[in-house]
Amino acid sequence: MKQLNFKGVNLPAIGIGTWHMGDNPQTYAQEKATILYGLNHGATVIDTAEMYGAGNAEKLVGDVLQEVDRQKVFLISKFYPQNATKEKMKQALSSSLKRLKTDYLDLYLLHWRGPVLLSETVAGLIELQKEGKIRHWGVSNFDTADLEGLYNLPQGDQVFANEDLYNLANRGIEYDLLPWQRDHQLPLIAYAPIDQGDSRGQELTQNAIIQQISHNHQVTAMQILLAWTIQAKDILAIPQTSNIDHMKQNIEAGSITLSAEEMKEIDLEFPAPVSKQSLRMI
């Protein structure tokens, strides 16, 4: 598994997403076992949110955390934009911590921009950080202009990471957002790094170039898509799965190195953007 250094914090290049998890009692045990497998095999970042299953994903993660060393897990959760005021943020965090059965988060993210002034949100996050309830704070679904506005605020440059949609089918952020973040040493967390599995993924996994590269490495096409996302060595990907075999494959993808020639072939098949694109969100 490739390792990253996010502002002095060592993290694996591949973590665990939890969207669409925790809702179904019939799959709960399997989901729990899958997350545990990931944590025990090096994918020690968990990404969740109060929005996911109206808190059910956080409850699932909370049950998982009872069976591992909490200090070895980098735990991320997110709060709704309508909870971005100081007071509502505290209430939202308190509820999340209760569901997660822990007394702190490693990273707390504003899920997307809303009507609350960003200055108030930043002040509230810094307050929670000083209280020890969160180790770091960040944002999600922010574009370049959003980050520029954030950095113009007092202590806005203390942001730990930005989490955005990024995969081979959605390379728009490479035009200006990703270069901006690199210039400012702001880490990127990539959600949906294999584009929601095969809903759009068939167009990717059945591509002849992807198929050939996967054959060369004796891995699946999905593993190549995931490996591509983290080749830059400064991106943390958080794929979601409730299948232990797929979790194992995700972790194995963290050790795949694509050659310069393979990266060039992929670029020719799925070109990088040549102009500004609207930020995609799902």
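Note: Cβ is positioned from N, Cα and C throughout, glycine not excepted.
Over in TrEMBL, the protein carries these features:
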DOMAIN    13-267  domain 'NADP-dependent oxidoreductase'
ACT_SITE  Tyr52  active site, proton donor
SITE      Lys78  site 'Lowers pKa of active site Tyr'
BINDING   His111  substrate binding site
*Counting only other Cβ atoms and using a 10 Å cut-off, which of the recorded positions Lys78, His111 scores lowest?*
His111
*For the domain 'NADP-dependent oxidoreductase' (13-267), what is the mean per-residue pLDDT, to the nearest integer?*
96
*DSSP three-state assignment for the residue listed as 'substrate binding site'*: coil
*Note down the number of other Cβ atoms within 10 Å of the Cβ of Tyr52 (active site, proton donor), including every protein chain shown.*
23
*Which whole-number value in Å describes the distance between the Cα atoms of Tyr52 (active site, proton donor) and Lys78 (site 'Lowers pKa of active site Tyr')?*
9
*Cα of Lys78 (site 'Lowers pKa of active site Tyr') to Cα of the residue listed as 'substrate binding site': how many Å, rounded?*
5
